[in-house]
Structure formats: C-alpha cells, structure tokens
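The structure appears below as structure tokens.
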Amino acid sequence: MATLRVPASVPPADEDCEQLRKAFAGWGTNEDLIIQILAHRNAAQRKLIREVYAATYGDDLLKDLDAELSSDFQRAVLLWTLDPAERDALLAYEATKRLTASNWVIMEIACTRSSQDLFKARQAYHARYKRSIEEDVAYHTAGDFRKLLVPLVTAFRYEGDDVNMTLAKSEAKLLHEKISEKAYNNEEIIRILTTRSKAQLNATLNQYNNEFGNAINKNLKDDPKDEYLKLLRATIKCLTSPERYFEKVLRLAINRVGTDEWALTRVVTTRAEVDLQHVKEEYHKRNSVPLDRAIAGDTSGDYEKMLLALTGHGDL
C-alpha cells in the first residue's frame, strides 16, 4: 500500500519540466517548487519528467538537481527521482564500497524487493557499472557473510501464495536441528532462507514456533555480539515481517545521538511507494509517536519538508 499522495490532477510532464527549469533559474534555487513537483509524482511520472527534460533542454535532470541542491536534501531528492531499479543499483553499489560498506543494505534490497524488482535492480546494476551485483558482493564480502549474501542477491523466488505444509514441517525440523547444533552457517539453513518463497518461509517458521515453542530468531541469539547472527536474524525479519524490520531501522536512525540521515532517507525513499503506510503503523504502535512527528522533531529545513511530503504529511 503506497503512502505517496499524488494530486488528483497532475500537470503534463512538459509543464513540470518548465517549472523545474524555473526553480533552477536565477541566483537562488526554489526548493519548495522542486518538492511540490517531484515529491508528488509517482515513479512512472518521474521517469517521464526526466525523459521530457532531457529532450527539451538537452540536460540531465539528475545532474541539474545534483548541481543545485546540497546535503541530505540533495540525497533525498536524487534517490527519489531515480527509477526504483536504478536506485537499488546505486544503493547496492554504495554498500560494496569501503567507506559506505553495508552488508545490511545488500540484505535489505535482496529480501524486501519482489523477485521481479530484484531482477530489474540487477539489470540496472549491469547497465550502470558493467559488472554484476553478485560479482561485487562476492568480491567485497568474505566467510559466512559471503555464503549468505551472494545467494540472497541472486534469488528469484516464487511469488505466489501456494504452500507445501509437509515441506514446512520437515524444513522447520531441519532448521531446529542445525540451530541446536549451533551450525548457523550450515548450507541447509542458507538454502532454505535464500530459495524458498516468502509464503513458504512463513509457513515453515510458524511451524518452527508451534513445534519447538520459540520463534526462530530467539534461538539465534546465542551470541548477541555476533555480527553474522545479527544479519541472519535481520534476514529472517526482512523476509517475513518487512514492516517490523523497517520500523526498527527508522527507530535506530532517529533515536541515536546524531540522526542517521542515510538510513532515514533510504527507508523513506525506497518504501514510500511500496509499504510505508504499514511501516508508519508499526512505528506508531512501537513508539507511541507518529513517524511524521518523529521525523519533524529530528530533521529540519528542506530535508524535513521532502521527507514529510514522501510520508504523506507534506503540504500539496
């Protein structure tokens, strides 16, 4: 369910381009006009705006936005304006670089996108970086992290609701056996998590809970400081309850000393057209504060206005 509010009557793309061009003209940039247009256009409309802008002015809208804007506001606008597949490709690329390395972002993209969307992200990565995501993930990770992340980013899961309960029972038992042995990097655990459909995984983990009296993630807390176990638990949460995973990312980003703007921007821009409404509900339930109020209390200026527009609380 999308949160983004698109005006009932959207001007033609050429009008939007003309207004954006005006926003860049003169000595100062009209940031409010940029937010008014781009934050209230869906992915297809934003893509058309970029195409018409290039055809009309011979310039790349993303390059012009990059030149005109700065700081966290710039990053939020640029990520939002990108096609979702291009955005995921950029985020994955950053996640394999030394200064911005993040196994969590790679896992997040692999586990919370549909099979088709993950495939499109991999294609966009090929086109932009002339390499594959799995090639870079494999090169920049090692050990248990590589064993888990490479098959996650190459997965093409069945998207339907069909579930095999016999399989769910046998694989719940298999997971319990390996976890009891503390064989957390066992190839069978990784096989199940990286190949089964999300519906099948939910059935398996429900069976695990019913049969053994504990949610699987509770049995994966043997060493709270173990980074691989943390990633394994987050993988399971992403695959089965993405709204709970994203709520926690937002909570940690906002509540820490010094906001984690990269995490906040990433979640808002990637989920606004997907499931941000569910994430907002989960956030309010968990923190007793609406997400928009938490964002407003922790950000300021044009960056705050952009995020609030994407969460459905900005002024149209």
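A Cβ is built for glycine as well, from the same backbone N, Cα and C atoms used for every other residue.
Sequence-distant neighbours of GLY258 (Ca(2+) 1 binding site) (same chain, six or more apart, CB under 8 Å from its CB) are absent. Look at TrEMBL and you will find PHE24, GLY26, GLY28, GLU68, ILE254, ARG256, GLY258, ALA296, THR299, GLU304 tagged as Ca(2+) 1 binding site.
Sequence-distant neighbours of ASP298 (Ca(2+) 3 binding site) (same chain, 6+ apart, CB under 8 A from its CB) are ILE254, THR259, LEU264. The Ca(2+) 3 binding site annotation in TrEMBL covers ASP298.
In sequence order, ASP72, THR259, GLU261, LEU264, LEU307 constitute the residues six or more apart from THR299 (Ca(2+) 1 binding site) in its chain with CB-CB distances below 8 Å. ILE254 (Ca(2+) 1 binding site) counts 20 other C-beta atoms within 10 Å of its own C-beta, drawing on all protein chains shown.
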